[in-house]
Amino acid sequence: MQHNVLILDFGSQYTQLIARRVRELNIFCEIFPYNHIPSDLSSYKAVILGGSPFSVRGEDAPHPDLSQIRGKMPLLAVCYGAQYLAHFSGGEVAASNTREYGRANLSYIKEGETFFEGVSENSQVWMSHSDSIKALPTNAVKLASTHDVEYAAYKIEGETTYAIQYHPEVYHSTDGKKMLENFLVKIAEVPQNFTPNAFVDEMVAELKEKLGNDKVVLGLSGGVDSTVAAVLLNKAIGQNLYCIFVNNGLLRKNEFQNVLDQYKGMGLNVKGVDAGDRFLGELAGISDPETKRKTIGRVFIEVFDDESHLLEDVKWLAQGTIYPDVIESVSVKGPSATIKSHHNVGGLPDYMKLKIVEPLRMLFKDEVRRVGATLGIDPELLGRHPFPGPGLSIRILGDITPEKVQILQDVDSVFIEGLKSWGLYDKVWQAGAILLPVNSVGVMGDERTYEKVVALRAVESTDGMTADWVHLPYDFLMKVSNDIINKVKGVNRVVYDISSKPPATIEWE
């Protein structure tokens, strides 16, 4: 994957979005913290400086060393990057009279500029800054303005350096992707050769060379990431890949056997381990959400360790790590504060001494799905909604019992099958049911009931970082609510969660 684009991260919430837009142009890019610029820049064809919550005037402002970049390769500075270049090149940056946040329009665009080829007149852009450039460096030329921002875009004479005070990566910037394409393809001449087919060919060759005849073990979850990783590894090393699919007793209804059969039908060397009783036994009496997660993580490691020891001469542990996980681990400020323990289980015992292989570590989730399609994986598997590693345990509020698991599996099954039959499943990013720790009074026939309450949750999102609740049709909600109450013994009330993230999280625990 040569001819990369290097994106320097200054802590902006939009940095990953820049990378996604660049990847959409079939151009490979990588994100690095501004203070960890690679020493060898020979494989990079262009550099993008991202935005930042900091002010260039602040004492704690990021100050990257751009001596190996400025004037030596094409450079695009976005928002904070544009202000940084202006500030340290002799221009003036000052606090704006009002915070410039939201939509704006380019009222002036300099004619004949390649950067703005194909960009519509009065094009809408997205602003997000509290400082503004008041004067350009003497060697800079204004390229664009808005009503409130005179220097919305500029370039440095004698360099292939461009700077913009808005965010082209945000969807609200209607021609933003076109501007990125103009800079990367027409100005920087970066090849557009990063495609799913190219990735598969290159990664399979890399895995063959790295792994040789070594044996590799991989824990399958039934999710998209581990499934695509397994098929990719299987294509490279065949039966030297040993897959372990553990049933923790907290999967969806009939999921363990159904997914196991699918894996075997795909030709994977997979072993199913039904450890449901062991997990539920360890979870008995535990109500605290974090303790549940850690207990499930610990027991999974124990089960995986037991099964791995039955294999001889395994040297590698494969994981379905994807790029957002990698970026988070080396971010400007380090990993975010722990809101919840991460679903992905790590921390295998040191004595296992396995080397790690992560074939998907440079891909975003949507790219993983496209690679999966290229590999011929069943669209039903690729289109599965995200499902938490701890399974239904964090959708059962309070302690966990086999009876509660059974109820929630049945409710979830009615909900998910209903979404599919109404043609709604693929329009929803994630959906599921939550068993609440309360009973409610009801009437069935002439009998008074006092039974469980369940909540239904359906959200739309692109990456899970933010999410909006889905406005499911009232007729559907009425039908699925009636079906749940009539078909699932022990439930007499259904509610629908209309909270967005933030402030709520997608899962209740």
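Just so it is clear, glycine is given a Cβ too, placed from its N, Cα and C backbone atoms.
Keep in mind that what you see is a predicted model, and the values were worked out from it rather than measured.
These features come from Swiss-Prot:
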type: ACT_SITE; residues: C79; note: active site, nucleophile
type: ACT_SITE; residues: H167; note: active site
type: ACT_SITE; residues: E169; note: active site
type: BINDING; residues: S221, G222, G223, V224, D225, S226, T227; note: ATP binding site
type: DOMAIN; residues: 4-193; note: domain 'Glutamine amidotransferase type-1'
type: DOMAIN; residues: 194-384; note: domain 'GMPS ATP-PPase'
Inset, instruction - For the recorded ATP site, whose residues are S221, G222, G223, V224, D225, S226, T227, find every other residue on that chain with a C-beta no more than 8 angstroms from the centre of their C-beta atoms, and list them by sequence position. - result: L220, V228, A229, G320, R384
Legend entry - Most crowded position, judged by CB atoms within 10 A, among E169, D225 as recorded positions: E169
Inset, instruction - List the Cα distance (Å, whole number) between S226 (ATP binding site) and H167 (active site). - result: 33
Legend entry - Cα-to-Cα gap, G222 (ATP binding site) vs E169 (active site), nearest whole Å: 32
Legend entry - Cβ-based isolation winner (fewest other Cβ atoms within 10 Å) among the binding-site residues S226, T227: S226
Inset, instruction - Work out how many Å separate the residue listed as 'active site, nucleophile' and G223 (ATP binding site) at their Cα atoms, rounded off. - result: 37
Legend entry - Integer Å distance between the CA atoms belonging to E169 (active site) and T227 (ATP binding site): 30
Legend entry - Nonlocal residues around S221 (ATP binding site), in sequence order (Cβ under 8 Å, 6 or more apart): F245, G320, F387, G389
Inset, instruction - Report, in whole Å, the straight Cα-to-Cα distance of D225 (ATP binding site) from E169 (active site). - result: 25
Inset, instruction - Sorry to bug you, but what's the C-alpha spacing from H167 (active site) to G223 (ATP binding site), rounded to the closest Å? - result: 33
Legend entry - Segment confidence, the domain 'Glutamine amidotransferase type-1' (4-193), expressed as mean pLDDT: 92
Legend entry - Integer Å distance between the CA atoms belonging to H167 (active site) and V224 (ATP binding site): 31
Inset, instruction - Only counting partners 6 or more residues apart, tell me which same-chain residues put their Cβ under 8 Å from the Cβ of H167 (active site). - result: Y14, G51, V78, C79, V125, W126, M127, S128, S173, G176
